[in-house]
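Student: Below is one structure. I have some questions about it.
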Amino acid sequence: MNGDEQPYQRPEHLTAVPGAPAPADAESLLRAVARGDEAAFTRLYDLVAPRVYGLARRVLRDPAQAEEVAQEALLEVWRTASRFDSARGSATAWIFTITHRRAVDRVRSEQAALDRVQRLAPEATQTPADEVVEQATAHLQRQAVRRCLRTLTELQREAITLAYYGGYTYQQVAQLLGAGLPTVKTRMRDGLIRLRDCLGVEVAA
Amino acid sequence: MTQPEEIHSLAGAYVLHALEEAERETFVQHLRGCVACAAEVAELNETAARLAEDTWSVPPPAMREQVLAAVRRTRQLPPPRPVREPRRAPVRWWRHPAALTAAACLLVAALVGGVYGVQEQRLREERAATLAAQQELARTQAVLTAPDATVRTADVAGGGKVTVVAAPSRDAAVVLLATHSPGAQKAYQLWLMDGGTPRSAGVLAAGQGSATHLVDGVGAADALGVTVEPEGGSASPTLPIIAQIPMK
């Protein structure tokens, strides 16, 4: 199957101003979610779910476990939306932090090891459209983060990516890299500082 | 209790969730009493979360309905009680003693080595490029996730494929080209065709055979065409058209 068969959808508006609702930012959606707005949650889901799922999958690798963790994380976003404090960071960072924490917890739990062996990874079937979207986004998405990751030293980069994407503790990272504990924790911190400056990250405290 | 500087160096591992439980608790304790640390941790946490940008993956379609169903039967937490702790003053990095020392060291290094300015310049350039890439990414994602987005694929003469994701509601399309290099000093150029004169929809870099390209102002175009042009592109398409994708 391919996209050729998809019927052309008649646009309702062909003006420069799109007819669709303005692309809401995660923060205003999250505030509405805190007030129990389910429609806002749906829109927030569409905005962040691919990254929430992608992050869980990157850390856990097993698609079924990633899906579980992504679901738990997204439900936690709904449940605890009132706890989000914009003075501490952006809404997306808050959501990805929840996701990453849960993914890492899963990695570290003993049960996960068993689960990984027992599961046969029922990969969800993806439509070609999904693949296209994935391909396109992946292509661009990586640019910003990767460009900045390249500005780090080898050790900074490895320490950060093994911890974040690999879900390892810094002790494990030190072992993997054959480096001392103080070195690794220092490299994680100064690497992130460099990354912060390259990406221009600011927190409006 | 560990020395303050020593514990403070755990800030990176902390935001990466790379601390073991006991150490994590010690750090959280430390964080409660250290305003400067809280500010640094907030920024590093924000930075670490950016790494998630590199993990985009399409979730299983059923997940959406499952999460929304779970939301409908889950009660939310009430807002937190206002905290009676001293108001967090926005502490910028330059007020932080450790950072200040580091900055002083850098300054010395700069005076000695004279390379600081060059690095700063490079950093600024990286940042500008990153910002532009992020903006394009956000717009690309808006097209890809638009409710009315349609996907069409066509073969490229000579091998490869071109895919167009068009979103009329955004008046834009994302073009994915995956083919061989057009050759040195040649470039692929995209054209919007709506019956009249083809309009250029962008030129790829010379020699580039695979790209993701955002096309604005798709409007009433009937089709999108791809041609091989001299480096930098042409005002009108050079025949033959090596790929053509209907947009309607």
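Numbers here mean position along the shown chain, with the first residue as 1.
Each residue, glycine too, has its Cβ placed from N, Cα and C.
Curation plays no part in TrEMBL annotations; they are all automatic predictions.
What TrEMBL records for A:1-22 is region 'Disordered'. Residues or ranges marked as domain 'RNA polymerase sigma-70 region 2' by TrEMBL: A:44-111. The domain 'RNA polymerase sigma factor 70 region 4 type 2' annotation in TrEMBL covers A:142-195.
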Student: Work out, from DSSP, the number of helix, strand and coil residues along the domain 'RNA polymerase sigma-70 region 2' (A:44-111).
Tutor: 60 helix, 0 strand, 8 coil
Student: Can you check how the pLDDT averages out over the domain 'RNA polymerase sigma factor 70 region 4 type 2' (A:142-195)?
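Tutor: Averaged over the domain 'RNA polymerase sigma factor 70 region 4 type 2' (A:142-195), the predicted model reaches a pLDDT of 92.
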Student: Give me the DSSP three-state residue breakdown of the domain 'RNA polymerase sigma factor 70 region 4 type 2' (A:142-195), ordered helix, strand, coil.
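Tutor: Its residues fall into 42 helix, 0 strand, 12 coil.
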